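Student: Input: one structure, supplied below.
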Amino acid sequence: MAATASPGAGRMDGKPRTSPKSVKFLFGGLAGMGATVFVQPLDLVXNRMQLSGEGAKTREYKTSFHALTSILKAEGLRGIYTGLSAGLLRQATYTTTRLGIYTVLFERLTGADGTPPGFLLKALIGMTAGATGAFVGPPAEVALIRMTADGRLPADQRRGYKNVFNALIRIAREEGVPTLWRGCIPTMARAVVVNAAQLASYSQSKQFLLDSGYFSDNILCHFCAIMISGLVTTAASMPVDIVKTRIQNMRMIDEKPEYKNGLDVLLKVVRYEGFFSLWKGFTPYYARLGPHTVLTFIFLEQMNKAYKRLFLSG
């Protein structure tokens, strides 16, 4: 008699056993949250820089380093972690959705023989996952922008949210639930730009380095390609990011919003602050992008390995 096969053993389609979809989503969020603990200060500095000099006012911060030292001096070490609860919730919503959907689509579109999707299909998967995550994430994004911006304002103008949940409840009660999705379109646009730019620029950068003859296909080459990719991605996405930041932080003036739409933000920034102000906060944005991506995938890889070892081995 032939032995009865154990559940999941000897997959007929040739694909290896994998974790349930719920676990993929969970690990994606946890990985992003772990990375955020390390890069939250850079997020805060980037947001402060993007709001500095808004509306033709004098810039509070001359450089990113000046912003960091000013925040430490005025608000203390704890001040650079302002908005951490919102940053964690953003990862729990945006990154959970983005990485979960990406992993599910990637596995579904992988061939029966294990052949991964081609470059264009990968790019489409990445943009779809990014845009979907960006639709889920705005409530936490709005809370994060406002919480990190509070410290730069005079005491009588601060919103004074105690934590992300207090922020969400107050925003919904005082300004209406739709305000939680303010800036949703530029947030989704940024996600598409970031995912497309990262994939395309990393692939091209790696190929350029290999073709130069000075690099082999090793960790040094991958690191340099990531840094070049981060530079391209930052340059491409920052104008959209500053639109998102300004819209999500804006107040009502005489019952009218400060900005009509994203295009109005772009025109006012260029008119009153200069064309290159669209790239305010470039340094902390770039410095955050690489480490956050690397840390997220390190945490994700370790959790996946642990799950396979504990639940899928044998």
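Positions of Cβ are set from backbone N, Cα and C atoms, glycine also.
So Swiss-Prot has the following annotated:
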MOD_RES   A2  N-acetylalanine
MOD_RES   S6  phosphoserine
MOD_RES   K57  N6-succinyllysine
MOD_RES   K73  N6-acetyllysine
MOD_RES   Y102  phosphotyrosine
MOD_RES   K256  N6-acetyllysine
REPEAT    23-108  repeat 'Solcar 1'
REPEAT    117-208  repeat 'Solcar 2'
REPEAT    217-306  repeat 'Solcar 3'
TRANSMEM  24-42  transmembrane segment
TRANSMEM  83-101  transmembrane segment
TRANSMEM  119-140  transmembrane segment
TRANSMEM  183-202  transmembrane segment
TRANSMEM  222-240  transmembrane segment
TRANSMEM  281-300  transmembrane segment
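On this model, are these features tucked inside or out on the surface, and what's nearby?
Tutor: In three-state terms derived from DSSP, K57 (N6-succinyllysine) belongs to neither a helical nor a strand segment and is classed as coil. The C-beta environment of K57 (N6-succinyllysine), restricted to residues of the same chain at least 6 apart in sequence and closer than 8 Å, is empty.
Every protein chain considered, the tally of other Cβ atoms within 10 Å of the Cβ of K73 (N6-acetyllysine) stands at 9.
In sequence order, I125, G126, A129 constitute the residues six or more apart from Y102 (phosphotyrosine) in its chain with CB-CB distances below 8 Å.
In the three-state DSSP scheme, K256 (N6-acetyllysine) is classed as strand.
Across the repeat 'Solcar 1' (23-108), the prediction's mean pLDDT works out to 93.
Within the repeat 'Solcar 2' (117-208), the DSSP-based counts of helix, strand and coil residues read 78 helix, 0 strand, 14 coil.
Note on the transmembrane segment (83-101): residues 21, 24-29, 31-33, 35-37, 40, 43-44, 128-130, 132-134, 136-137, 139-141, 143-144, 147-148, 163-165, 167, 191, 296, 300 of its chain, located 6 or more positions outside it, place their CB under 8 angstroms from a CB of the stretch.
Long-range contacts of the transmembrane segment (183-202) within its own chain (CB-CB distance under 8 A, at least 6 residues past either end) are made by residues 98, 119, 122-123, 126-127, 129-131, 133-135, 137-138, 141-142, 225-226, 228-230, 232-233, 236-237, 240-241, 243-244, 247-248, 262, 293.
Only residues 6 or more beyond the boundaries of the transmembrane segment (222-240), in the same chain, are considered here, and those with a CB under 8 A from a CB of the stretch are 186, 189-190, 193-194, 197-198, 201-202, 205-206, 209, 215, 262, 266, 278-282, 285-286, 289-290, 293-294.
Counting only same-chain residues 6+ beyond the ends of the transmembrane segment (281-300), those with a CB under 8 A from a CB of the stretch are 27-28, 30-32, 34-36, 38-39, 42-43, 45-50, 63-64, 67, 95, 99, 198, 226-227, 230-231, 233-235, 238, 241-242.
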Student: For a three-state summary based on DSSP, what are the helix, strand and coil counts in the repeat 'Solcar 1' (23-108)?
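Tutor: Helix, strand and coil residues of the repeat 'Solcar 1' (23-108) number 73 helix, 0 strand, 13 coil.
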Student: Once the chains shown are all counted, how many other Cβ atoms turn up within 10 Å of the Cβ of K256 (N6-acetyllysine)?
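Tutor: Around K256 (N6-acetyllysine), other Cβ atoms within 10 Å: 8.
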Student: Sorry to bug you, but what's the C-alpha spacing from K256 (N6-acetyllysine) to K73 (N6-acetyllysine), rounded to the closest Å?
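Tutor: That separation, Cα to Cα, works out to 35 Å.
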